[in-house]
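These notes are about the structure you will find just below.
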Amino acid sequence: MADTKQENQTCLTEFILLGFGNLPKLQIFLFLFFLLIYFVTIIGNILIVLLVVIDQHLHTPMYFFLGNLSCLETCYSSNILPRMLVNFLTRENRISFNSCLLQFYFFASLACAECYLLSAMSYDRYLAICKPLHYTTFMNVRSSVLLAAGSWLCGFLASICTTLYASWLTFCGPNEIDHFFCDYTPLLVLSCSETHRTELVMSILASACTMPPFLLTLATYICIIAVILKIPSNIGRQKAFSTCSSHLIVVTVFYGTLIAVYTLPKTKALRELNKVLSLFYTILTPMLNPLIYSLRNKKFKEALRK
């Protein structure tokens, strides 16, 4: 029985990513559209990393975290978009079993790391606004490096387990993934093995990666908003809110679409909606991050002018 299961699993050597193949007349337009997004994402995020490294005025914990986020977003986009662009041109849409698992691993790792990094950034803003007298004590170079390194490490270690469980699935039937990248939900749909235990384990691991940082981010912003509302002057409230508004926008878009995709019922009618919503946290958010942070930040504008 074990030999038969292994044979069934290894005989399927590749998957077909359907992506947006149901829109054949728009393939060239979609290619140019996503190519522009990828170009803006890479240029914008690399520019932020360079500015944070070069400009002495940006050598603070807030910009250190932002540089890490931009580096992460560059890797995040590069894991998904280049293959997508190739598929638009070749229309073969084939991906090997191992490449699919590798793409899933990097996607899960970077998504988990982003959750923890966003919570570290929100904690930094909480200290700056709610505990300004103790900010330099709690948020020094050592603590900011540890928080950033911990975010990356948590993402890449936690995703090893989910990828291992995905690799143990048996695939003996259709090999068409109704998505534009290898995500675990479409993989579970294709599997002909018993997936209830795998779904439970993956849900627990996914919750461990997303819920603690999400709840921490939510708690810090509740405290931040409560403190801002107590500031007597309008100018003071606006100044305090401007220091965290960009981060709040990014967090809302990222978590809003992420939660919607993984909590909506996995019905055929909602499958296309899931794909569209997935575009936000996998492709559009990495592009919007540098635009949101740079356009709403005076120090970044000054650094760019220099």
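Cβ atoms are placed via backbone N, Cα and C, with glycine included.
Curation plays no part in TrEMBL annotations; they are all automatic predictions.
TrEMBL annotations:
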DOMAIN    44-293  domain 'G-protein coupled receptors family 1 profile'
TRANSMEM  28-54  transmembrane segment
TRANSMEM  61-81  transmembrane segment
TRANSMEM  101-123  transmembrane segment
TRANSMEM  144-168  transmembrane segment
TRANSMEM  204-229  transmembrane segment
TRANSMEM  241-264  transmembrane segment
TRANSMEM  276-295  transmembrane segment
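Between the transmembrane segment (144-168) and the stretches 28-54, 204-229, 276-295, it is 204-229 that has the most C-beta pairs under 8 angstroms.
Remark: the transmembrane segment (241-264) makes no contact with the transmembrane segment (28-54), by the rule of 3 or more CB pairs under 8 A. In this chain, the transmembrane segment (276-295) lies in contact with the transmembrane segment (28-54); the count of Cβ pairs under 8 Å, excluding pairs fewer than 6 apart in sequence, is at least 3. If one looks beyond the transmembrane segment (61-81) by at least 6 residues along the same chain, the residues whose Cβ comes under 8 Å of a Cβ in the stretch are 34, 37-38, 41-42, 44-46, 48-49, 52-53, 103, 106-107, 110-111, 113-114, 117-118, 120-121, 124-125, 128, 139-141, 143-145, 147-148, 151-152, 180-181, 282-283, 285-287, 289-290, 293, 299.
Within the chain, the transmembrane segment (276-295) has long-range Cβ neighbours (under 8 A, six or more residues past its boundaries) at 34, 37, 40-41, 44-45, 47-48, 66, 69-70, 73-74, 76-77, 80-81, 107, 111, 179-181, 183, 246, 249-250, 253-254, 257-258, 260-261, 264, 301, 304.
Here the domain 'G-protein coupled receptors family 1 profile' (44-293) has a mean pLDDT of 85 out of 100.
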